[in-house]
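For reference, the structure is listed below as structure tokens.
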Amino acid sequence: MFITFEGIDGCGKTTQAVLLAKYLSDLYGEHRVVLTREPGGTSLNELIRGALLGLTDYKLDGITELMLFIAMRRESFVKVVLPGLLAGKIVISDRFTDSTVAYQGYGCGVDLALVGMLNSLVADVVPDITFVIDASIELALARTSLNGFENHGPEFYDRVREGFRTIVANNPHRCHMIDCKSDAAEDVYSTHDRIVALFRAITKDKLKVAK
């Protein structure tokens, strides 16, 4: 099974991905659950991620950004995601193809058909379940310290947020919007409880995990 978490920077998706991975690891065993992230997931990708996050006052144009993240996705897909799925494990990814659509497509204005074509080229797998964590722009920006590479400004993140909402509306069979209202611990775990309940309702007795 392939599960992805999506949302704007600072929405809380990384925390929720980690919490779900721990829940499923406790349930099925750590060796049956793979947690990865984009950009990242492999030693090469983590080096590139570190370099990107260390940039200040440096902007990539939309196409350059798209091609860079697409190449990193291919590396992560063939080294982490696909092997995990073929082994019958539960793979949880903090970001996947929907992020490219929302960020480079809706956020940067890159042609959506081009984004879709490149996504299909490098990763011909569609997630079984996608949890989109929705938080206000104000809350998300207050949660995270964005560097020069990430900090596009509130208007950009508003476009990205609307992009994620459009993705959810267009893919109701796999995408589930989860509202996140605050940073309070009780709200974080309340969100986790909602995700677990939704996961159990979706999978029921259908989930098969490799021994």
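Residue positions begin at 1 at the first shown residue.
Using N, Cα and C of the backbone, Cβ positions are placed for all residues, glycine too.
Taken from Swiss-Prot as is:
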BINDING   GLY7, ILE8, ASP9, GLY10, CYS11, GLY12, LYS13, THR14  ATP binding site
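The binding-site residues examined here are ILE8, CYS11; by Cβ neighbour count within 10 Å, the least packed of them is CYS11. In sequence order, ILE133, ALA135, ALA140, ARG143, THR144 are the residues of the same chain, not among GLY7, ILE8, ASP9, GLY10, CYS11, GLY12, LYS13, THR14, whose CB sits within 8 A of the CB centroid for the ATP site. In three-state terms derived from DSSP, LYS13 (ATP binding site) belongs to a helical segment. The least crowded of the binding-site residues GLY7, GLY10, GLY12, judged by other CB atoms within 10 A of its own CB, is GLY10. The most crowded of the binding-site residues listed here (ASP9, LYS13, THR14) is LYS13, judged by how many other CB atoms sit within 10 Å of its own CB.
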